[in-house]
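Next up is a structure, given as structure tokens.
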Amino acid sequence: MKAPVRVAVTGAAGQIGYALLFRIASGEMLGKDQPVILQLLELPIEKAQAALKGVMMELEDCAFPLLAGMVGTDDAEVAFKDVDIALLVGSRPRGPGMERKDLLLANAEIFTAQGAALNKVAKRDVKVLVVGNPANTNAYIAMKSAPDLDPKNFTAMLRLDHNRALSQLSAKLGKPVAGIEKLAVWGNHSPTMYPDYRFATADGASVGDAINDQEWNASTFIPTVGKRGAAIIEARGLSSAASAANAAIDHIRDWVLGTNGKWVTMGVPSDGSYGIPEGVMFGFPVTTENGKYTIVKDLPIDDFSQKYIDKTLAELEEERSGVAHLLG
């Protein structure tokens, strides 16, 4: 049996955490031969800690063969001690009357502290995925707060947008999602992100040629993917939790186990590709191998695409400048 991998999950008793933990413990994220130790963080509030205890009792009651141990805590340094993987799910949700700016600042405090704790106690090659919104900027803050860790250790989740776009294309084409490749999603995990099927193929044939409808792309596809989260809240009365958990599992599994040359979307610190300033946490098409991701390079960007990329970049730059004073 392999040595267990230590996986930290923050916001562990929340909706996404509840949809996530049982799938990690069953081996869906890292493989059916990989034991895990779950290190679970919740708020230092009696109700949250009680809920966490209940979730841990349920995890015990599943008797997962791969669950080699659990820690539940309200201390980030305990949760992140020696972790190989950290899923930062917990974040401050937007309350009534809260401006986006207030939300940014409330979360900046959380992710500054979590970045510093990871910097202090996590494994040096820890893989960090930020799920809590605003995910790109929260990931940027955590990265900047962990100066001793490689910036490449930090990623933001755009896989939910990627999966949403895949499913819309599948429905439009009447083809299974498994056959659709080379989809890209650019930018921020927000309604400004740009799902781009110009390079995509379905069963080897060009998706763009098959759809051949720029009006559908601009007025149906892009806004449907961008506003899908809001549509789910409208329908369910709660935000998308199971699909977000599923995307987090996809993201980590592909990062750790590799994509075999297939493109996926990850929010990663830019290396200057496509004119995105270095260090901006931006959604790019990537491939992964041996636990490392590589941005897909040299794709032609047409005027239509550039306009969307500029817009989502402007939003990220604005978020970044809104928290700059906190990062020294």
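In case you wondered, yes, glycine gets a Cβ from its N, Cα and C as well.
Below, the features straight out of Swiss-Prot:
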ACT_SITE  His189  active site, proton acceptor
BINDING   Gly11, Ala12, Ala13, Gly14, Gln15, Ile16, Gly17, Asn107, Gln114, Val131, Gly132, Asn133  NAD(+) binding site
BINDING   Arg94, Arg100, Asn133, Arg164  substrate binding site
Hey, how far is Gly11 (NAD(+) binding site) from Arg100 (substrate binding site), Cα to Cα, in Å?
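Gly11 (NAD(+) binding site) and Arg100 (substrate binding site) have their Cα atoms 21 Å apart.
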List the same-chain residues at least 6 positions away in sequence whose Cβ sits under 8 Å from the Cβ of Ala13 (NAD(+) binding site), in sequence order, or say none.
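For Ala13 (NAD(+) binding site), the qualifying residues are Leu40, Glu42, Ala48, Ala51, Leu52, Gly54, Val55.
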Check the Cα-Cα distances from Gln114 (NAD(+) binding site) to the recorded positions Arg94, Asn133, His189 and tell me which is shortest.
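In terms of Cα distance, Gln114 (NAD(+) binding site) lies closest to Asn133.
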What whole-number Å value do you get for the CA-CA distance of Arg100 (substrate binding site) and Gln15 (NAD(+) binding site)?
22
What's the CA-CA gap between Asn133 (substrate binding site) and the residue listed as 'active site, proton acceptor' in angstrom, rounded?
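One finds 8 Å between the Cα atoms of these residues.
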To the nearest whole angstrom, state the Cα distance for the pair Gly132 (NAD(+) binding site) and Arg94 (substrate binding site).
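With distance taken Cα to Cα, Arg94 (substrate binding site) is 11 Å from Gly132 (NAD(+) binding site).
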To the nearest Å, how far is the Cα of Arg94 (substrate binding site) from the Cα of Gln15 (NAD(+) binding site)?
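Spelling it out, the Cα of Arg94 (substrate binding site) and the Cα of Gln15 (NAD(+) binding site) are 15 Å apart.
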Give me the long-range Cβ neighbours of the residue listed as 'active site, proton acceptor': same chain, 6+ apart, Cβ under 8 Å, in sequence order.
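Spatial neighbours, sequence-distant, of the residue listed as 'active site, proton acceptor': Asn133, Pro134, Ala135, Asn136, Ala156, Met157, Leu158, Leu160, Asp161, Gly267, Gly283.
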